[in-house]
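> Just passing along the structure, written as structure tokens.
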Amino acid sequence: MEEPFLLQDEHLVPCKDTWKSGQVTVELKKVSSLAAPMAAVTIAQYLLPVISVMVAGHNGELQLSGVALATSFTNVSGFSILFGLAGALETLCGQAYGAKQYEKIGTYTYSATASNIPICVLISVLWIYIEKLLISLGQDPDISRVAGSYALWLIPALFAHAFFIPLTRFLLAQGLVLPLLYCTLTTLLFHIPVCWAFVYAFGLGSNGAAMAISVSFWFYVVILSCYVRYSSSCDKTRVFVSSDFVSCIKQFFHFGVPSAAMVCLEWWLFELLILCSGLLPNPKLETSVLSICLTTASLHYVIPGGVAAAVSTRVSNKLGAGIPQVARVSVLAGLCLWLVESAFFSTLLFTCRNIIGYAFSNSKEVVDYVANLTPLLCLSFILDGFTAVLNGVARGSGWQHIGALNNVVAYYLVGAPVGVYLAFNRELNGKGLWCGVVVGSAVQAIILAFVTASINWKEQAEKARKRMVSSENRLA
């Protein structure tokens, strides 16, 4: 086992000197080379279920409603948890790679996969009873039946997520983003004809769309596994050390639970937003408009999400390597990219505010309402990009617990109450609800900015070093 690097920087360079030295420019190139492919990977992964929803929706309004309801429920109750838990691997695998503890990267990945499987079993039990659960919550029985059947056929896809999500973090920690991109694009191209065949050629309707998702994600698992198994790039890192297995599982949950809380609390807030919109006057209009805003914000988020993944990787690698100065510069580089992308996309959205609604609806009322909410949506673009980058810093550094507490305070103690008050008491309706989202994001951004500015980078690097050299892999 190779010994991790000792701390290599006696003193951190002041920010002013960092800018003058050109370190930020160098790091910008490195962060960008990771961020662009990761954004494309995220888009491709996002499109897989979207394509199935689109194909299934052409079978009728009932099918579309049922599939949309099932997609929302399964995202909240299952997929969000697995994606959240994977944040632990950004800390552990990234720091292990920086510390040249290559065999730990594979062991962490195997441990995460093994930990995900029993979680998927529990989630599957819930999904089996989705139809009855939705009916008990007052949903239309026909829509609930379609949603329940669709969710049932998504269970294999859930188990596929237990494998491919750790594999993607395994590759990301090593900076192997281009192979990851090629595998993801191959899966997307595979999914399109498979989805069409299951829905139309085999006549399986909405169930066929769910089956296609499951088949495609397992195809994704197979090609990712083949790359990891046979690529020379993974010779050192695919090793499994059985003696570290139990301690790696403990570390995975130590960082994974707060990481999952970070993700789930944010995902759940937006589902709560849609539910609240159904209680407003003219619920069809309010729900439609807020769904359009949410979809637009989600599509934009893949860009700062890619930057966040890149920053997380660079921060974790450099902390593990004992080079805190470069870790700090990575944060500055990520924020530079955020400034550029948020300025561009918020300006583009505002310029297109009067036509963006037509991409989703032909109703003039809906289009005008979306245009009215666009300034708030632009603010969301700016704040979401900022918080995404700083959440990436949190995952790379290993302080997910702070991020989770921050989300509770920002969204549930501030944002949600403000949104409900403005929507119902001040009668701002959907605009009021989205104001609550913006306020919550602003509070989240302020707290994250304060925490990030207060980071003792040498101390974080020392924690990463101790985590890697600990003979028993005890929790840091």
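Cβ coordinates are placed from backbone N, Cα and C, and glycine is handled just like the others.
In case it's useful when we look at the structure, here is the feature table from Swiss-Prot:
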| type | residues | note |
| --- | --- | --- |
| TRANSMEM | 35-55 | transmembrane segment |
| TRANSMEM | 66-86 | transmembrane segment |
| TRANSMEM | 117-137 | transmembrane segment |
| TRANSMEM | 146-166 | transmembrane segment |
| TRANSMEM | 185-205 | transmembrane segment |
| TRANSMEM | 208-228 | transmembrane segment |
| TRANSMEM | 260-280 | transmembrane segment |
| TRANSMEM | 289-309 | transmembrane segment |
| TRANSMEM | 331-351 | transmembrane segment |
| TRANSMEM | 370-390 | transmembrane segment |
| TRANSMEM | 402-422 | transmembrane segment |
| TRANSMEM | 433-453 | transmembrane segment |
> Cβ under 8 Å, sequence separation of at least 6 from the ends of the transmembrane segment (117-137): give me the contacting residues as numbers and ranges.
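Answer is 69-70, 73-74, 77-78, 81-82, 85, 143-145, 147-149, 151-152, 154-155, 158-159, 161-162.
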> Is the number of Cβ-Cβ pairs under 8 Å between the transmembrane segment (66-86) and the transmembrane segment (331-351) three or more, considering only pairs separated by 6 or more positions?
no
> Looking at the transmembrane segment (289-309) and the transmembrane segment (402-422), are there 3+ C-beta pairs under 8 A, with each pair at least 6 apart in sequence?
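By the criterion, they do not touch.
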> Residue list, the transmembrane segment (433-453) vs rest of chain: Cβ under 8 Å, 6 or more residues beyond ends.
269-270, 273, 276-277, 290, 293, 331, 373, 376-377, 379-380, 383-384, 386-387, 390-391, 393-394, 399, 402-403, 406-407, 409-411, 414-423
